[in-house]
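This report refers to the structure that appears directly beneath it.
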């Protein structure tokens, strides 16, 4: 922003006890990504920016997640939970390095946008020492009110301390703040703990700014964007908002969804042009769907790629490592895992393909299973281009079926099959004419003798 550099501190030290979970609060998912990852993705990045996350003791998993999302991140530990200002000062080492702008955000607000972070910095460029993010609450009870006088923020009044007139105000504190880096540390270090809990509250910075004769401003945003997550119910509400956003973005990008309210997407889902998603499809992390592909109803996809004009489902499950080539088909009640299907390959019914490579235009018959696990290790199956595997076949890995080869239906194949060969691995059929009639007569006679 106009050459100003920026340090963002994300506070993520809370235990999240109301989540009633052993998982740290900020690692719970919304839209297929952790709460923390959404905030870090929205935070300013690129040249002239730096990022810090404050974590709680023993929360190495939070530090690891931060590093996964933003490899440039620094992490600091808040050893004691003594309030938000105390948490910010846990990252004092990063603050004293100097930055024009200091953004302070929270790891449990996954709906906040990069645009809002950018707008928070604008008053600093205009000379303000502090900007506070606010929103008009549908029900403001319990929120701190932002008291604005002559266009300037003069106080944050907690609900319990507010006058009747102030309680009627709907402009509330969202918690996110932006400080002018030149005065930030001086202000934050002056915050005291003379309150019932003996904690250091960042909200007290507004009063200190006024005492110093400096300016504090308010930036407004929508209530949904600043939803904090403290309970599983709030997590579910945030998921609803996130899914509505993701569906709208997909529709705006040209994806056809007949019943979008039944489709669940991940924040990193990538769509090509003219993609169709039928009802009741769940798309997890790491899925890319190329131009013209169709995902039919009741399918579940995670960490998979679907090629141009390919077809998946209905009732298909694509597990991590699946790659479906251009024009390939995955049909009903098919499960794939760590499987590559080349262009035009067909796996149309009732099949498991795992740890396998299926060549272009190969056809896999109904009921085929790649037997990839021997109880200790996984093994691969290679099926060549144009091969035909008959229905109800078991392919015992490690195994290679050559290009153009045929596998007879009902076979158990344990040895490699050369190109263009026929393999039949089933028992010899036995035929006894009249046996069924004699068997029924024998059973009926035995029943009559037993009943007398």
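Heads up, the Cβ atoms here are built off N, Cα and C, so glycines get one too.
Sequence annotations record features per position, and here Swiss-Prot assigns region 'Pyrophosphorylase' to 1-232. Averaged across the region 'Pyrophosphorylase' (1-232), the predicted model reaches a pLDDT of 93.
Here Swiss-Prot flags 11-14, 25, 78, 83-84, 144, 158, 173, 230, 319, 337, 352, 363 as UDP-N-acetyl-alpha-D-glucosamine binding site. For residue 319 (UDP-N-acetyl-alpha-D-glucosamine binding site), other Cβ atoms within 10 Å of its Cβ number 17. DSSP gives residue 319 (UDP-N-acetyl-alpha-D-glucosamine binding site) a coil state; it is part of no helix or strand.
Positions annotated as Mg(2+) binding site by Swiss-Prot, on the basis of sequence analysis: 108, 230. With a cut-off of 8 Å between CB atoms and residues at least 6 apart in sequence, the same chain places 12, 14, 16, 25, 26, 35, 228, 229, 230 near residue 108 (Mg(2+) binding site), listed in sequence order.
The annotation region 'Linker' is assigned in Swiss-Prot to 233-253 on the grounds of sequence analysis. Residues of the region 'Linker' (233-253) grouped by DSSP class, helix first, strand second and coil last, total 20 helix, 0 strand, 1 coil.
Marked as region 'N-acetyltransferase' by Swiss-Prot: 254-452.
Per Swiss-Prot, acetyl-CoA binding site is recorded for 366, 372, 373, 391, 409, 426, and the stated evidence type is sequence analysis. Classification of residue 409 (acetyl-CoA binding site) by DSSP places it in coil, neither helical nor stranded. If you draw a 10 Å sphere around the CB of residue 409 (acetyl-CoA binding site), it holds 15 other CB atoms from the protein chains shown.
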Neighbour count (Cβ, 10 Å) for residue 426 (acetyl-CoA binding site): 14
Fewest Cβ neighbours within 10 Å, where candidates are the binding-site residues 352, 373: 373
Residue 372 (acetyl-CoA binding site), number of other Cβ atoms within 10 Å: 23
Those binding-site residues listed as 173, 230, 391, and which of them has the most Cβ atoms within 10 Å of its own Cβ: 173
